[in-house]
Amino acid sequence: MARGISGITIPQLISVNTHHRNCCINSLSCFATNLTTSSCSSSFSLYNDKWKGRRYENIVCKAASVVGAEETTQSKDDIIVGQSRLLKVPISNIRNFSIIAHIDHGKSTLADKLLQVTGTVEKREMKEQFLDNMDLERERGITIKLQAARMRYVNEKQPYCLNLIDTPGHVDFSYEVSRSLAACEGALLVVDASQGVEAQTLANVYLALENNLEIIIVLNKIDLPGAEPDRVSQEIEEVGSSLQLIGLDCSEAIYCSAKEGIGINEILDAIVKKVPPPPDTADNPLRALIFDSYYDPYRGVIVYFRVIDGTIRKGDRIYFMASGKDYYADEIGVLSPNQLQVDELYAGEVGYLSASIRSVADARVGDTITQYGRKAVQSLPGYKEATPMVFCGLFAELRDALEKLQLNDAALKFEPETSSAMGFGFRCGFLGLLHMEIVQFHKGDLVTANYTLPVKTRSTDFVASKLPTISSSRLFKSLERLEREYNLNLITTAPSVVYQVNCVNGDTVECSNPSALPEPGRRKSIEEPYVKMVGDFFDQLKSRSKGYASMEYSFVGYRESDLVKLDIQINGDRVDPLATIVHKDKAYAVGRALTQKLKELIPRQMFKVPIQATIGAKVIASEALSAIRKDVLSKCYGGDITRKKKLLKKQAEGKKRMKAIGKVDVPQEAFMAVLKLEKEVL
Amino acid sequence: MLKLNFKPIFATIPKKLKISTLPLSVSSSLQSVRENVSNNLITSINPLSPPTSAYIHLPFCRKRCHYCDFPIVALGSMNQFEDDPRIINYVQLICREIKATKPISTTNPPLETLFFGGGTPSLVPPKLVSSIIQVLKENFGVCSNAEISIEMDPGTFDEMKMRELLELGVNRVSLGVQAFQQELLKKCGRAHGLEEVHDAIGIVKSSGLENWSLDLISSLPHQTLEMWEESLELAVKASPTHVSVYDLQVEQGTKFGNLYTPGEFPLPSETQSAEFYKMASKTLSKAGYEHYEISSYCKKGYMCKHNVTYWQNRAFYGFGLGSASYLGGMRFSRPKKMKEYMGYVQDLEDGLVLNYQQNIHVDTKDLAMDVVMLSLRTSVGLHLKSFGESFGSSLVSSLCKTFQPHVASGHVVPLDVKQISLNADEFNSILSDEGKIEDVVAYIRLSDPEGFLLSNELISSAFGVIAP
C-alpha cells in the first residue's frame, strides 16, 4: 500500500495511523485491565521500547492525564476529585475554547499545564507515585489522544467549566481545525516568543476569526533566552493591522511559559473573563456538532461532539441529520480527558457518545446530532467543505479502510474506479475528475497579489526556487509576497496547463506560459485549470517553502476547453490508468515527459518493450525499453542456496507488486507517473 | 543463547508431505554411475533421505582476492604452512565438529562424495587433509569409490603435494585458474601469476589424475571479449574433464564492491557480460563439453557428483567455518567468524545445539521452491511427474502456464519422455488437457544459453506461482 499511495502527502494518513494505533492500544488496554498488573507489565514494557525518543515527553505528559481514568477505581478521594468536574455549572459559567498555534510553539505543553493547574490530572506527588507503580497505566496514557478536556476552575468563588477542545496538530487540515473551532467560543493563540508569527499562526487566526472566536494572545516560551516578547507582539500588531484584523491587540497579550508554569493562572482568568459563554439554548431541539470521532473495535464509533442547542440524555434515540441514520445513545459522557460517563449534557457542553454505531459512514465528522423524536429543523451550518489537495488512485479492495479513514478525516474524498488494467480501485482526492471527458475543472478565485503586504526576506528563496521559469520581473515581484498571503495566488508552469486570463477590457486570453501573461494592469483575474492541483503541487509547495506556504482554492465551475485524450501504450497495449487529458498545446510535451518517465520506472523485461504516447491512432512520442540480457548468475557455493533463494523470493515479491499489462510487468510507481509529471517538467 | 541463534531454518510444516522416491538416482547404482549419470540427473526431491555427501570448508588463503566474500583466513605470504598452528588448530576443531555430529540415520550409509572447498584447501598440508578424511571414515564411513574433490590454487602445490593428495584418496581436483591473463590475475588480487597457472596445469596433468576441473571467472574488470576467448581456448587446450565458469559477482564489502558498479566500466556492460556467457557456452560445447548446469561444463560422465547432490536437493553434511549443511530438511549455516565457530563446536560437543532435528516440519512451499530453483539450474531441468507427485498436479499445470510465453520466446524448453524438446504449439495443445501434462511433458528446462542467462527472471516467476 505504501507504494500505491506515494502520491499522497496528506498528513491525514498520519492522523489515521495514530487512530489505528489508538484502536490497537485501546484493545490492548482492555485486555490489560482484566489481567493482573504484574503479568501485563512485561509485555507492555516491551511495547514501550518502541516509543523512545522525541515523543517520550509527550507520552509522559499525556500519560499523566490518564490518571483520571483510574479515579473511579483507585480511591474514594479520587472519585470526589473526578466527579467534581462532572458537577453541572450554569451555562453562563461554561467556556469552550481551543488552543491554536504553529507547530512546536508549545500547544501541547500548555494544554498539559492547564490540565495540571486545574487539577484535571494528578498533582506532582501523585504523578510520581503513578509513574512508579503503574507502568500499565502509563502505557494506556499513550492511547489517550487529547481530543477534549473538561476542567473545573474556580474564579472569584464561581465554579467554571472550561472545555478545552483540541485542534488537529497540522494546520493543513483546515477542515478539521475548523470543525474543532466551530465548537468553541474562544481560542488561545499561542505564539512562540522567540520565533514570532509563522505562516500557520496566521492561517489559524483566519480560521478562528471565521468562526467568530474571541482570541486571547499568549506569548509562550518567555523563559527562553532568545525570547523577544516585545518584538513579537509588535510583529503581531503589525501583521494584524496590515491585514486589518480586528481584535488582535497585543497590549493584552499574556506572557507565559507553559514549561515553567508562568502565566497559567492569567490564562485561565482570561478565558473566564474574555471568552463568552455559550448561548443558553437548552430548551431548543437538540443540535450537537460532531467534531471528531474514532472507531473503537469494541464499542463501535465513538463520537465527540459539542451540544449547540438542547439537551442529550443517556438512552436517547438520536438521529444523524446528514447520514439519516438513527441510534440509541448507550453511553454519553464527558472527556476529562478520559471518558467519564454522565446522564445528560446540555447546550454548551462538550462530550462523547457511544451508540453501537457499526457503520463508519453513519456518523461522519461534521454531521449534526439531533433527537429522533424531536428533530431540529435545520442542521448546523458553518462546516467548511474540505478541498482535496493531493490526489492519487488506489487500486486494491480498500473500501472499508477508506471509509474508516473518512470517518476520522472528512477531508478525504474518494471514488470507486474501475480500470481494465488495474481492476477495482479508488481515486482519492478527486472531486469528480473522473468524468472529465472533455470538460475540465477550472480553478478560480484568484486573488491578485496584495501589493501592500510587507515582503519577508525568507520568502524570496522559496519563490526563486519555486518559479524558476518565470522571467518577468514584475510578475516575480508580485509573487514574492505570496508567502504571507493565506489565500495565495501562485502561478506555475504545469505541463498540461493553459491559463485563462480575464482582462480588464473584457477580453479573455489563453496563455500557456506564465511569462506571456498580459501586463498586471490589464489583468482582471486569472483562472487556471483545477487539473494543476492534481499531483504533487501541494507537496512541492510545502517542501519548497519549508512548510511556510499555505494554500486555499475554490472552484469557479466548468469551462469548455480544447482538450485531447492522451493515451499511453506499453508494448502495444493501451493502459487506461495512464491516460490523461491535456490541453492540445501541451500534448507533445506531456507525451514526451510521460514516456521518458515510464521508461525509467518500468523495469526491463525479457524482451524489448515500446512505450508510446498516442492521440487517437497517432503516435506523438515513443520510447523503447531494452530487453534484459542477463541476470546475476550467482553460484550456490558449498550448497548454500539460502542467499540466492532470498534474492529470488524478493524478486518474486517485486513482481507481485507489479501489474501485468499484457506481457509487461508495470510497477505501481509507473501509475503515479502521470501525477508526478509536474515535478519532472517544472 | 547460542541455541537461539541456531534454530532450524524450517520451523513449521505439514507432516504428511509426500516424498516420492525416484527410480533413478545417482546413488542407486554406484557401479555404473559414470555411464548413467547424465540420464540420472533428475530431481530427487527427497531431502529427508540420509546424506551421502559432505562439504568440508578449509578457509585458509595467502590473501583475500578482491572479489571474495567467503569466510576465509588470510595467512600471509610465507611459503611454508606445514606447521602453522592456525591450520593445525583449525583442523583439530573441524575434526571435533565431525566427531560431535551424529550420523543422521540408523542405516548410516557411507559417504559417496567429499568436497574440500575454501579458502584454498591446497594450502592445508596433505597429512592434515588425511586426518579429516580419517575422522569422516570413522564417524560416517566413506565409500571406497567415493568422489573426493579438493580445490587447489596455482602456486600452492608441487608434484609432491599433488602425489600425496592422490595417495590419501583425493580423486578429483578443482583448479582455480580464474583467468589466463597476467594483468587480470593481478587486478583480481590473486596470489598467483600466469606462470604458476601453467605450472599447476602441468602438475595436475602429469600426476595422472583424470578427473579434474578448471575454474574460470567471466566478466572481470577490464576483461575483453578477446581475453575471454583466449581463456576459453587455453582451458580447452588443457583438456580438463570439467570446466566451471563463474560469472563475477560484485559483492558488497569486497574490494570490487567498493570500487566498481556492475554494468559500468571497467566491468563489462550487461550486454558484454551476456556475450561472455554465450561465448563460453558455444566454445565449450563445440569442444565436447556438456553444459549440465548454469556454470558447469563437463566431458560426458564427468559431472561433479558432489555438486549434483546440491542440484538434486539432496541432504549433505557441512563441516567447518561458515559452511552450510542440509540435514533432515533443514538448512543450516555455521558461524562465519572463527571465534563463534569455535563456540559452536563446543556447544555441539556439549549437546547444546543441534545442527538438525529429527521430524522437523518442512514447509512444502519452501521445499517446492528449492526443487524448482535447483533443478532449473541444470540442463535436465525439472521433472514434472515427481514434482507433481510431491506438490500436486495443479501446481505443475500453473507452472507450465506461467512458462507458456517463455516457451514461445525460447527461454524455456519442455522435453518429452525421450528428452526431445517440444515446440510452443505442441506445448500449448498439451496444456489444454491438464491431466496429460505430466505424462507428455517429462521435463521443463531453461534453454542454453538464453534461458540460463535469465534464470532469475524465470525462476522468480515460478516462485510467484508456488507462493502466490
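Cβ from N, Cα, C; glycine included.
Whatever TrEMBL says is automated annotation, not expert-curated.
Taken from TrEMBL, the feature GTP binding site covers A:101-108, A:166-170, A:220-223.
Under the heading domain 'Tr-type G', TrEMBL lists A:92-279. Over the domain 'Tr-type G' (A:92-279), the average per-residue pLDDT in this prediction is 71.
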A:T167 (GTP binding site) in three-state DSSP notation: coil
All-chain count of other Cβ atoms within 10 Å of A:T167 (GTP binding site): 26
Among A:A101, A:I222, which are binding-site residues, the residue with the most C-beta atoms within 10 angstroms of its C-beta: A:A101
In three-state DSSP terms, the structure that A:K107 (GTP binding site) belongs to: helix
Cβ packing number for A:K107 (GTP binding site), 10 Å threshold: 22
